[in-house]
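Sequence annotations record features per position, and here Swiss-Prot assigns sn-glycerol 3-phosphate binding site to 12, 82, 83, 132, 239 based on sequence analysis. Residues or ranges marked as ATP binding site by Swiss-Prot on the basis of sequence analysis: 12, 13, 14, 261, 303, 307, 402. Annotation source Swiss-Prot lists ADP binding site at 12, 16, 261, 303, 402, 406. Summarising the annotation, Swiss-Prot assigns glycerol binding site to 82, 83, 132, 239, 240.
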């Protein structure tokens with residue numbers, strides 16, 4: 001009987017289930033969207049039941065499309081939107097809506113904590129204190145949901161990020177992995193345990209926290225009434241860490257960039273915890289008794305800038321048009337676009353920066369804006385990778401996400417980085433990473449070496465730009481960024 005691995009890829013707006021065979025081919029896929037809820041300005045929530053319903057329907061659809069029986073699934077891996085915070089009872093029933101990573105309701109609370117404890121928190125967790133991470137969201141829930149803290153003190157409340165909630169629903173086991181725990185701002189990434197001092201600062205009772213396990217081990221088995229089979233759930237990693245694993249980024253210095261609405265860049269730093277003033281330090285995964293660390297840079301707006309060309313100023317009808325427009329020009333002709341719609345992320349961390357288009361003349365047309373937008377994505381990526389290179393040597397960039405289909409962008413990325421850019425055959429690297437972690441735990445795949453042999457290159461983009469052109473273009477970009485920074489303060493918005 002042929003066996004397969006099922007990957008659950010739970011994102012911010014949809015839940016997917018993807019079935020892979022031993023050669024990493026996709027043989028079945030199900031995907032269902034679920035809504036976000038906005039009870040107040042700046043607040044973002046999910047209904048955990050809607051997440052579960054979408055995820056379970058996706059599993060059923062993937063099995064049907066693959067014509068695979070549940071008994072043929074050798075293992076299940078889970079990957080998820082990180083930081084999103086859920087509290088539920090011991091029956092798995094949610095006690096409030098999930099507070100999503102994007103939610104800013106705790107921003108003021110975190111600013112107060114940051115002033116007093118910022119350096120200590122970064123030293124323990126690798127994270128710059130922010131409302132983005134789980135700790136303040138969980139504190140808000142305990143402080144504001146009537147009766148929740150009392151129930152928590154009695155042992156009637158469980159906390160988890162989305163992976164924990166899904167695994168609990170599937171197996172009844174209350175667990176998470178190192179990569180997801182490292183995004184809560186409650187986990188000591190050196191000691192590899194929940195940190196008592198941080199729990200005290202945020203007022204979190206330790207009894208509600210999940211057990212932290214490796215990213216590849218059997219956490220439990222699916223309840224038979226769910227799928228008609230007891231399947232091991234044996235892989236777990238946050239979405240960006242799973243993408244690095246799916247790119248076979250196992251060696252120190254290996255880097256992946258995921259180009260989505262925003263972009264996330266992770267560099268494997270091996271067994272060493274490395275700190276950067278302008279990047280986050282995180283755990284990539286735990287495997288075979290060892291933890292691998294990573295540096296992470298998040299870029300707030302990349303693909304969203306292309307969406308703005310389409311939906312905002314309507315100079316294109318579909319994203320793919322940008323490549324054709326950009327290649328009509330020999331150069332950017334001095335036009336730069338800094339897409340700081342919501343400020344700038346790594347390495348600038350300027351929440352007051354705003355979008356800027358500069359260098360416009362009477363001859364500027366939509367092709368200039370299209371090219372400037374694609375180039376901006378590449379410049380922003382170089383900004384992050386330059387920070388990473390201060391701490392770890394980088395030879396190439398492995399890429400995934402929708403924008404990697406744009407050959408102009410990928411070539412310009414290679415040119416401006418002066419590093420080769422590698423696009424793999426399988427684009428679903430996040431789901432694939434979770435599948436690999438699950439499969440390794442049950443010997444479906446035997447080793448990292450076997451996984452490396454499965455990772456196939458679709459296209460390599462070699463740098464072809466001369467050094468002087470590269471220097472001039474990047475200098476222009478840095479000058480444009482300077483002019484965009486702090487603009488919201490200047491105009492008082």
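Each residue, glycine too, has its Cβ placed from N, Cα and C.
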Rounded Cα separation (Å) that holds between residue 307 (ATP binding site) and residue 240 (glycerol binding site): 22
Number of other Cβ atoms within 10 Å of the Cβ of residue 132 (sn-glycerol 3-phosphate binding site) across all protein chains: 22
Other CB atoms within 10 A, centred on residue 239 (sn-glycerol 3-phosphate binding site): 26
Per-residue Cβ crowding (10 Å cut-off), top of binding-site residues 307, 406: 406
DSSP three-state assignment for residue 14 (ATP binding site): strand
Those binding-site residues of 82, 132, 240 having Cα within 10 angstroms of residue 14 (ATP binding site): none
The one of 12, 13, 14, 240, 261 whose CB sees the fewest other CB atoms within 10 Å, among these binding-site residues: 13
C-alpha spacing of residue 12 (sn-glycerol 3-phosphate binding site) relative to residue 261 (ATP binding site), in angstrom: 11
Residue pair residue 303 (ATP binding site), residue 12 (sn-glycerol 3-phosphate binding site) - Cα distance, angstrom, rounded: 16
Residues within 8 Å of the 12, 82, 83, 132, 239 Cβ centre (excluding the sn-glycerol 3-phosphate site residues themselves): 80, 81, 84, 101, 183, 238
Binding residues 82, 83, 132, 239, 240 (glycerol) - maximum C-alpha distance in whole Å: 15
